[in-house]
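Report on one structure; see the data block that follows.
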């Protein structure tokens, strides 16, 4: 037959420790836990093979292509310190393996098949290096941080949001009423909960109309530009686009999408529409913990965050560091920088395995949301800085005097923290003091401070 039939070890072809990575390669760092008795080189090579050109046996059609040009290569393996039988396997993929401008294809190749592999007990994709040559094939966020600030005319501080609760069960008119109260009180944005789509108790069109009325009314009263994230997520792409188009016709500034449950293909279509039609796009990461929570299997959220920046979104939820959902500070700040900055140096202490150059792809605003309230404001201002959206759902609507006073309390706390920071005070040390001082002249804030003074989500 002219080729040697049979099964041969992956590492003979796909483990190449002397390979020099190219500037155009897509690089991946996998955390590999091999089955007992499987050498790490073989496990790493198996991942490289099965996520690129390889299959389990030699096939005669291998002779019709240049494997050297197209194969993924495992070029380095290191043990994970402090973990038994875990290794980081670095794999380089030639650029030509991937369709341009398709996060869907990127993920299908790199994580599509290998995670059920028998030779591995567990596998986790920790990071991806996206080369500029591939970055340039994506539109990325519809607008980005600077354009968003210019559209909203809001500078020098984080933006404030609030998710309308109870998330399911309100009628459209009462929902709009809650939106109006929050925006009038001083928030920049209110938000549809991620699971509010178009249910029997509140159809999407009714909600869109009442929310638009609420935000225009609040805008007229406060003289500030307001937004409500209208969730366009739907059961079909066509229906999603229909909702986005209706939002644009209402003249609202921003829509929202659940990018993991909706899928990358739908998300990228929506992002293109948003750029073409001047809509901002807020992204919720519902379902991320299914993929990213296990430490040894799945995908780290920083990979999902990079994927979103390519697919497109102007805001994305990124954990809080301080609220009810988990996230370590340095690691969170690592992927927050990956979302916002143009160029991020490799830094293993923050979980960043590769230097990432986004060239001119716009940045994404990280959203801190989940169990946060006024006492967290100094820490949030300190940790996230100006380019972020701080979202207080219960922390606004749970105010004893109602939504508008809840919004006032948050806005006063934020302005006090920003002012204190600008005066050179150390928010990490003096934060509580800053909030207490502000509460002296804001009864709304004083009431909020009283309600949440003891709340901690420590487990």
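Cβ coordinates come from backbone N, Cα and C, glycine included.
Going by what Swiss-Prot states, the substrate site holds 113, 163, 167, 317, 369, and the candidate of 203, 205, 285 recorded there is 285. In this structure, the CA atom of residue 191 (N6-carboxylysine) is 12 Å away from the CA atom of residue 317 (substrate binding site). The two recorded residues residue 4 (N6,N6,N6-trimethyllysine) and residue 113 (substrate binding site) have their Cα atoms spaced 26 Å from each other. Taking the binding-site residues 193, 194 in turn, the residue surrounded by the fewest other Cβ atoms inside 10 Å of its Cβ turns out to be 193.
Each of the recorded positions 4, 165, 167, 284 was scored by other CB atoms within 10 A of its CB, and the lowest score goes to 4.
Neighbour counts of Cβ atoms within 10 Å were compared across the binding-site residues 113, 163, 369; the minimum falls on 113. When the recorded positions 113, 165, 167, 284, 285 are screened for a C-alpha within 10 angstroms of the C-alpha of residue 193 (Mg(2+) binding site), the residues that qualify, in sequence order, are 165, 167, 284. The Mg(2+) site is set by 191, 193, 194; from the centre of their CB atoms, other residues of the chain with a CB within 8 Å are 163, 164, 167, 192, 195, 196, 229, 231, 256, 284.
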